[in-house]
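Copied from Swiss-Prot, the annotated features are:
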BINDING   ASN123, THR173, LYS177, ARG295, HIS327, SER379  substrate binding site
ACT_SITE  LYS175  active site, proton acceptor
MOD_RES   LYS201  N6-carboxylysine
ACT_SITE  HIS294  active site, proton acceptor
SITE      LYS334  site 'Transition state stabilizer'
Amino acid sequence: MSPQTETKANVGFKAGVKDYKLTYYTPEYETLDTDILAAFRVSPQPGVPPEEAGAAVAAESSTGTWTTVWTDGLTSLDRYKGRCYHIEPVAGEENQYICYVAYPLDLFEEGSVTNMFTSIVGNVFGFKALRALRLEDLRIPVAYVKTFQGPPHGIQVERDKLNKYGRPLLGCTIKPKLGLSAKNYGRAVYEVLRGGLDFTKDDENVNSQPFMRWRDRFLFCAEALYKAQAETGEIKGHYLNATAGTCEDMMKRAVFARELGVPIVMHDYLTGGFTANTTLSHYCRDNGLLLHIHRAMHAVIDRQKNHGIHFRVLAKALRLSGGDHIHSGTVVGKLEGERDITLGFVDLLRDDYTEKDRSRGIYFSQSWVSTPGVLPVASGGIHVWHMPALTEIFGDDSVLQFGGGTLGHPWGNAPGAVANRVALEACVQARNEGRDLAREGNTIIREASKWSPELAAACEIWKEIKFEFPAMDTV
């Protein structure tokens with residue numbers, strides 16, 4: 001009799017409640033290459049042993065429930081159950097543990113981040129026996145990775161489409177984020193693209209509000225980028241936000257963007273949802289559109305150290321679901337992001353293989369086989385003085401995005417774009433000449449500002465601006 005149809009009728013059914021650890025805590029278990037592995041930060045309630053807490057997580061996120069049920073005998077729990085196979089205390093924290101759980105691959109629908117998360121980060125996060133629970137990392141087996149399309153195009157295809165190599169790409173989020181008419185919005189897009197930026201971006205809040213309906217915005221932005229392309233000889237793009245209240249409206253906007261011939265659209269993947277995101281990603285692959293991803297709502301999920309989901313997990317999920325860019329924090333700007341932790345998940349986005357490295361928060365080695373990489377986008381409170389650090393931290397395969405750091409230039413939008421392009425070109429040239437950007441960054445910017453009045457003005461206006469607060473996200 002096959003494991004799927006094997007029953008336990010000959011053993012007999014014993015009703016009642018038993019400890020989770022009797023079934024789901026298996027320290028002797030040797031993980032399989034096909035298992036999905038999870039590292040949970042578990043904070044048990046007082047009096048709950050860590051073995052019981054870890055087993056409860058494994059049970060409630062796989063086959064278990066609070067009591068023994070008769071229908072357990074109609075399947076093979078050993079085949080399908082999650083297993084807590086290792087527990088270690090968290091250094092410096094009282095009554096907090098990292099519990100490692102292995103899930104058989106058969107528990108999950110192929111190609112569905114939605115289904116994977118519904119199990120692994122579902123009802124178990126409200127379990128009363130736990131004070132708090134955080135998913136720190138996932139190991140996605142190659143067998144499961146290959147069931148996903150992944151990013152529509154990836155880093156190399158994007159560079160080939162844009163014909164831009166050897167430097168980070170430059171972007172700008174149009175501000176104010178809400179309230180502009182479509183024509184004035186398009187004017188700002190044109191001015192900064194003409195000034196030297198590669199991309200402009202809809203703010204994540206911009207969908208189709210009364211002050212600016214989506215179709216009007218798409219038309220004026222397309223006109224702006226084509227005009228800027230004609231004048232500069234460079235390929236330009238604007239992230240047209242296709243996020244909508246329904247998947248049907250989202251796809252209608254993506255189709256219209258394709259008909260306009262623009263190179264890239266955008267989606268808010270957490271508020272929009274993984275099913276919608278994967279659908280849009282497949283459309284973008286089939287129709288030659290790049291896909292920019294914003295992570296609005298991520299801090300609600302990932303910022304608390306002891307509860308939620310770490311962003312490295314959300315980043316892995318995005319690489320599976322599909323996106324060519326994703327916002328990743330800046331390390332040096334106004335938004336949360338500690339350097340080693342940030343670079344840990346940046347590598348998870350870009351590289352084919354990432355080694356386990358607990359100093360960077362990476363709990364498992366991860367292979368992406370042939371899945372394309374995702375460009376990290378550094379955005380939020382950055383300006384020209386940050387350019388050396390951003391270039392050194394993120395390297396060439398990144399998008400450096402300056403909203404207020406472009407449009408806040410005292411001489412206007414186009415000079416703000418010029419200042420950023422000059423600063424970037426100076427940093428890339430200095431790096432290629434062997435100069436140390438971390439040590440000589442300010443000197444490099446000052447030298448460049450001597451022959452660029454736009455950069456000099458930007459340096460003066462933002463010379464005192466710093467965002468220095470301790471990071472919440474630490475190992």
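Cβ from N, Cα, C; glycine included.
Geometry remark: SER379 (substrate binding site) versus LYS175 (active site, proton acceptor), CA distance 13 Å.
HIS294 (active site, proton acceptor) sits 6 Å from HIS327 (substrate binding site), taking the Cα positions as reference. The Cβ of THR173 (substrate binding site) has THR200, LYS201, ASP202, ASP203, SER379, GLN401, GLY403 as same-chain neighbours under 8 Å, each 6 or more residues away in sequence. Cβ contacts within 10 Å of ARG295 (substrate binding site), excluding its own Cβ and spanning all protein chains shown: 23. Long-range Cβ neighbours of LYS175 (active site, proton acceptor) (same chain, at least 6 residues apart, Cβ-Cβ under 8 Å): ASP203, GLY403, GLY404, LEU407, GLY408.
In the three-state DSSP scheme, ASN123 (substrate binding site) falls into the helix class. Each of the binding-site residues ASN123, SER379 was ranked by the number of other C-beta atoms within 10 Å, and first place falls to SER379. It is HIS327, among the recorded positions LYS201, HIS327, whose Cβ has the fewest other Cβ atoms within 10 Å in the structure shown. As a whole number, the greatest separation of Cα atoms within the substrate-binding residue list ASN123, THR173, LYS177, ARG295, HIS327, SER379 is 37 Å.
Working note on the recorded positions LYS177, HIS294: by count of other C-beta atoms within 10 Å of each C-beta, HIS294 ranks first.
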